[in-house]
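Single-structure report; data block below.
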């Protein structure tokens, strides 16, 4: 992943003499008339509430009135605003900038200029002056299935599958933070998790994110001690033989001597009878204690499992108990009837729980959990994106789509690519196997080969670019040879895209996160649109290539980011994580994007509590990007816009 602090200096400062069009002398956006309404999209006078910010400026880098403009061209903007602003197109838009197209400021600090923005941008002021470092506006860590959003995160593969909580597959309660990625009613047993995994020993896909497993067994040491002591007593009374100097380590400080040390001549007559009586009494007491402990432990477990089927329930147990869930299952019907969900997202990023290799070989993920997830996701979107192929995750998603009869659901396949060629070859082989076995590929929108591989490459970015391009060419050749007609793409930070990478992909897929730019939420939607249109849209103009925002979202809590982490002057500066802020970003972004046809994936549907391990100091947002908690419950206070009943295609 690399130390993110070394990655944040990729944003050149904006020279003071280059005041951007549409901004006042103080660098603030020129305010637009009107106090609460703005015409959006192609329809006449689509009114929005005051939450849709009215301070409007223009998007950079292209002519949004053109037919090839991302987001619908003339139909995707407010015409009244567009006709009052001078615009430059293409490369001309950057002629007076500090740098060429390849070096324009990154998404973390771009002051916009040029044409119009349906999201009413108001980009943040760049912290550093012309002669200062631009470290304050930074890139973010990869969001792929298990990567942390903070540099505090341990390397992939460093965590082991943890214990699950004691909640039912049927209840919606939040399970423990140490319960792994997407620990929504985990079917994994905590009893067998390894205590330690060396990431260097794992042929991994970079997706490991398991936290160490705390023991769920109450009084485990005490129970073992009782068993050891009881075993010793019963062995003595029933003549068991033991090796000399045997140690009963569960007993604190117990290096007990061997039974032979206490051996005595066999008693005769009354002494023997008395010994048997005493022995019987003691044996009865010991056996009673053992049975009582076992019953108590069972009842204690059952008490916790009355409200839950805890982590003791395996994936097979789940299927045996609940069957292979489908659209007619009561539990699925309940999930799909959840209030507050609206299908307004063009796409959703998703990683099933427990699809880390090689852990999944021992603790397979639950098909029913994936089916539950897909039931909820089907209420939010018709397109789901995966990040890898390990652990049958793709097959499970496809099975869930079939069981739920989601005829409109489409899937972007994911292939995890890193510096481990064994991982890469395994992932690609699984991709080919999935597609070669199917004659009907209509459910697939494409295959994404790698996520933020360039960002994670650090100083070897150019080599990583060549490798990603080579992998995409390999995949495309296999598809052509096997008559597989789906798109081949990769995804990376918006500021890592250039013409070379764009030429090799069928779709430019950029991850754009205003939160990590320290952008105030009231300006975040416009800033996102402006960045995307300046950095990524020009790369596909005049071509038939697609252009998608592969990740965009906002955390529901955990602090605030001022462009260089949590180093803010107070807790209200910069990008503030919170339910209120998430709601505002959705209000400003979701419906206008739906109206003008902006294609994007929301990050993400469900919280990932295992990422709490990556939180540090005042940066406590790693595990809080979901619209819902890990139990598939809409977070209290979260309001997904209904966009007047309009739904995503």
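Using the three backbone atoms N, Cα and C, a Cβ is placed for every residue, glycine included.
Taken from Swiss-Prot, the feature active site, proton donor covers 452. DSSP assigns residue 452 (active site, proton donor) to coil, not to a helix or a strand.
Summarising the annotation, Swiss-Prot assigns active site, nucleophile to 551. Neighbour count (other Cβ atoms within 10 Å of the Cβ, all protein chains): 28 for residue 551 (active site, nucleophile).
As annotated by Swiss-Prot, compositional bias 'Low complexity' applies to 144-157.
Under the heading compositional bias 'Acidic residues', Swiss-Prot lists 198-208 (among others).
Sequence annotations record features per position, and here Swiss-Prot assigns compositional bias 'Acidic residues' to 314-323 (among others).
Per Swiss-Prot, N-linked glycosylation site is recorded for 369 (among others), and the stated evidence type is sequence analysis. In the three-state DSSP classification, residue 369 (N-linked glycosylation site) falls within a helix.
The N-linked glycosylation site annotation in Swiss-Prot covers 392 (among others). Look at residue 392 (N-linked glycosylation site): DSSP puts it in a helix.
For residue 420 (N-linked glycosylation site), the Cβ neighbour count at a 10 Å cut-off comes to 16, with all displayed protein chains included. Secondary structure at residue 420 (N-linked glycosylation site), as computed by DSSP, is coil. Residues or ranges marked as N-linked glycosylation site in Swiss-Prot: 420 (among others).
Under the heading N-linked glycosylation site, Swiss-Prot lists 596 (among others), citing sequence analysis as support.
Taken from Swiss-Prot, the feature region 'Disordered' covers 1-50 (among others).
What Swiss-Prot lists as region 'Disordered' is 110-224 (among others).
Per Swiss-Prot, the feature region 'Disordered' maps to 301-329 (among others).
The annotation topological domain 'Cytoplasmic' is assigned in Swiss-Prot to 1-274.
The feature transmembrane segment is assigned by Swiss-Prot to 275-295.
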Study note, to complete from the structure: Whole-number mean pLDDT, the topological domain 'Cytoplasmic' (1-274), equals 36
Review point. Expressed to the nearest Å, what is the distance separating residue 369 (N-linked glycosylation site) and residue 392 (N-linked glycosylation site) at their Cα atoms?
Key: 13
Practice item. Could you check which of the recorded positions (392, 452, 551, 596) sits closest to residue 420 (N-linked glycosylation site), going Cα to Cα? Key: 452
Review point. What is the nearest of the recorded positions 392, 551, 596 to residue 452 (active site, proton donor), using the Cα of each?
Key: 551
Practice item. To the nearest whole angstrom, state the Cα distance for the pair residue 392 (N-linked glycosylation site) and residue 551 (active site, nucleophile). Key: 23
Point to revise | Cα-to-Cα gap, residue 551 (active site, nucleophile) vs residue 596 (N-linked glycosylation site), nearest whole Å | key: 18
